[in-house]
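Feature list (source: TrEMBL):
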- 28-51: transmembrane segment (TRANSMEM)
- 72-90: transmembrane segment (TRANSMEM)
- 102-123: transmembrane segment (TRANSMEM)
- 135-152: transmembrane segment (TRANSMEM)
- 158-179: transmembrane segment (TRANSMEM)
- 200-218: transmembrane segment (TRANSMEM)
- 224-244: transmembrane segment (TRANSMEM)
- 283-300: transmembrane segment (TRANSMEM)
- 306-328: transmembrane segment (TRANSMEM)
- 349-367: transmembrane segment (TRANSMEM)
- 373-393: transmembrane segment (TRANSMEM)
Amino acid sequence: MSLLISFLIPPLFVSALGTERYGQWLYLFSIPTSLVMLDMGISSAFSTEIYRHHVEGRVEQAARLLRTGCRVVVALMLLVLVLSASLIAWHHATQGDLEFHATLFVLCLYIILGFPSELLVASFKIAGRFDQNQWLYLAARILELMLLLALIRTNQFVWMAGGLVAARVLMMLALAVQARRLTPTLFRGHWRDREPFKHLWLPSVTHALSPLIIFVSMQVPLLILAPTAGLTAVVAYSTIRTLARLPLQLSSQMSYSLFTEYTRMAANGQHGLIERLYRKGQWAIIGLFSLAAVGGWWLGEPFLNWWVKQTVIGFHWIFVCLVLEALFESMMRHRVCLSSSNNRHAFDAMFQLMVVGFAVCGLYITGQSTGELVWMVMASAGVTLSGLLILLWRDRRLDLSQMLGSGAR
């Protein structure tokens, strides 16, 4: 459904708003997504700790930790909201674009309202009904799409952002009600009860790596392209990237499925089998993306013309470069799923963050000198290719059986 929505939005927005206006919406939406990093993984760290305490039988401690986590997250939401409003008001005083800044504030509110969602996930995991959490997210995505389609005709970004906020509020209320129904013991007791949480700061930083990587790799390029290559280039980059990331949907599901197998085999001491399974997964990912690159090279440009009525200069090279970046992300997810089964994934996440950071730097430096989309993407892909080769070299030199065996001991 997420994939379907990502394919429905571009043509609908382009036909209703125009390419330039849609590029402005993408640029606007990419700015407040940086606020996700300010959560710093605190919600995820609390959620993991609550789940661990409850599974180990310390229900009262888990309940106190949930109440403490709610207070911390709400305080963080208010702090980030005040900070965002102050920065937007200061920028509005210098620029004076009312629609831009009003929409930016509403989108910031939309992002901030999602902070407690990960905290409530603990209840669904404890009850063994994580599928309900996924269904609620799916319903929220459909509601967001329906509201956008209803409000897009107004051509008012503020109303469109307000529709997203309304959908987010309804989703959070549904999550809270269902979480309370599934685990009523966690919500009993006085809300002034406290539980120490200083030990969660370090795990929260580890949990924050994943949203940070997503923001740097997915949103920062849009922030760089808008002032250097123009809003039309933002739309071209976003739509071609959607096509290039199609095989990532399939490869990610494969890697996540293998994570369960890795955990089971590691518990049984089948480390040699894990290594063979990991190597076969790598070859499957490479084959999948190779087919996608060949198919996109021949069919991608006519499909793009039909999809969003847009012709992009240098489409083939841009598409191949973005497929390469998606391949690196897929290989890193495959690697992280292996190391996560043995709690050794922090270094892999740091390596991925370093590579995407340098790739974005290459995109920015090339944009300052040329301002052409194709050269900017090629510079970024060159850094990504280096990271991919380093990853493959590390995997070839590393004895996975010894790594897993030492971790198990």
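Each residue, glycine too, has its Cβ placed from N, Cα and C.
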Beyond the flanks of the transmembrane segment (283-300) by at least 6 residues, Cβ under 8 Å: 240, 243-244, 246-247, 250-251, 254-255, 315-316, 319-320, 323, 326-327, 330-331, 334
Other parts of the chain folded back onto the transmembrane segment (373-393), taken as Cβ under 8 Å at six or more residues beyond its ends: 221, 224-225, 228-229, 233, 236-237, 312-314, 317-318, 320-322, 324-325, 327-328, 331-332, 335, 351-352, 354-356, 358-363, 365-367
Top partner of the transmembrane segment (72-90) among 28-51, 102-123, 224-244 - counted as Cβ pairs under 8 Å: 102-123
Long-range environment of the transmembrane segment (224-244) - Cβ separation under 8 angstroms, sequence gap at least 6: 6-7, 10, 14, 19-20, 22-24, 26-27, 292, 296, 300, 303-304, 307-308, 310, 312, 315, 318-319, 322-323, 325-326, 360, 363-364, 367-368, 371-373, 376-377
